[in-house]
Amino acid sequence: MEDKIKHKLRIGWSYLLFLKQRVIHDRLTVSAGYMAYITLLSLVPLITVLLSVLSQFPVFSGAGETVQAFVIQNFVPAASDAVEASLKEFISNTGKMTAVGSGFLFVASVMLISSIDRSLNYIWRVKKKRRPMYSFSLYWMILTLGPLLVGASLAATSYVTSLKIMDDEIVSSFYRTLLGWLPIILSFSAFVGLYLLVPNKKVRVTHALIGAMSAGCLFEFSKVGFAQYITQFPSYQVIYGALAAVPILFVWVYLCWIIVLIGAEITASLGEFEGWLTGKVSVNILESDIKALTEQQGLIESDSTDPESK
């Protein structure tokens, strides 16, 4: 019994060493910074495209503002009022753009989705790229069907709220509790979908669930920690004044991408490590074994910071 426990502890420690080596090799913080930069450039265009899709359907009138407020209040900790005001101002300015400018907004939105696709496929060591037509169809589907699904869920929520059964105290209390858990459920579902669907290779559901759970827990802890830091140490307001929302948003987006990529690294490394353990005969797993595994997987330091060049 004691030997089994020691063996499992060795396996767990070996996996952590392998994961650490993988994260260092992939330069996760550099990739997160790149993704944060692309996100900030594409955030307003993406939201504008999503809102414009919703505005084409009268049944979803007003849903765009509700989605925007919900996302900011539940996924941007602290200073949400300042961030929301800045985003609304930026988005309102896009209404003055010409057709050519609107086309550039769409291109910027696709650029963000393409960057996510490229970064995650690099983590999974996918060398075979999707066909351009397939990729374009996938991005188009995300930008069109995504807003419709969100709008439909909001409409369904409003309908359920208006039902007479909601007057019952027990049902109403359960419904409010469910709504309180909704942000956590949505973030977990988004992580699972991201880790299952984006890589251009088969990913085991159990691995995606573990990676999504890890990323979801980190995300919730980060929201609390970041909010505490912002409220307890508001030096950013003294330094930046009215522009304080910009660095707050940038730091938070950067932190979010670190969490997303850590979850992806966990999901991808589970498959590699599990396959390696299957062929391992000896019960003594040492650091030298991890070095051999990392060399086998090609985890050798590279001077390049571009995923496409590795």
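Any Cβ shown, glycine's included, is placed from N, Cα and C.
Per Swiss-Prot, the feature transmembrane segment maps to 34-54 (among others); the stated evidence is sequence analysis.
Annotated transmembrane segment per Swiss-Prot: 97-117 (among others), in sequence order, evidence recorded as sequence analysis.
Marked as transmembrane segment by Swiss-Prot on the basis of sequence analysis: 136-156 (among others).
Taken from Swiss-Prot, the feature transmembrane segment covers 178-198 (among others), and the record attributes it to sequence analysis.
Among the features that Swiss-Prot reports, transmembrane segment is placed at 207-227 (among others), with the record citing sequence analysis.
Summarising the annotation, Swiss-Prot assigns transmembrane segment to 242-262 (among others) and lists sequence analysis as the type of evidence.
Long-range contacts of the transmembrane segment (178-198) within the same chain, counting only residues at least 6 positions beyond its ends with a Cβ under 8 Å from a Cβ of the stretch, are 74-75, 116-117, 120-121, 205, 207-209, 211-213, 215-216, 219-220, 260, 263-264, 267.
Only residues 6 or more beyond the boundaries of the transmembrane segment (207-227), in the same chain, are considered here, and those with a CB under 8 A from a CB of the stretch are 75, 77-78, 184, 187-188, 191-192, 194-196, 251-252, 255-256, 259-260, 262-264, 266-268, 270-271.
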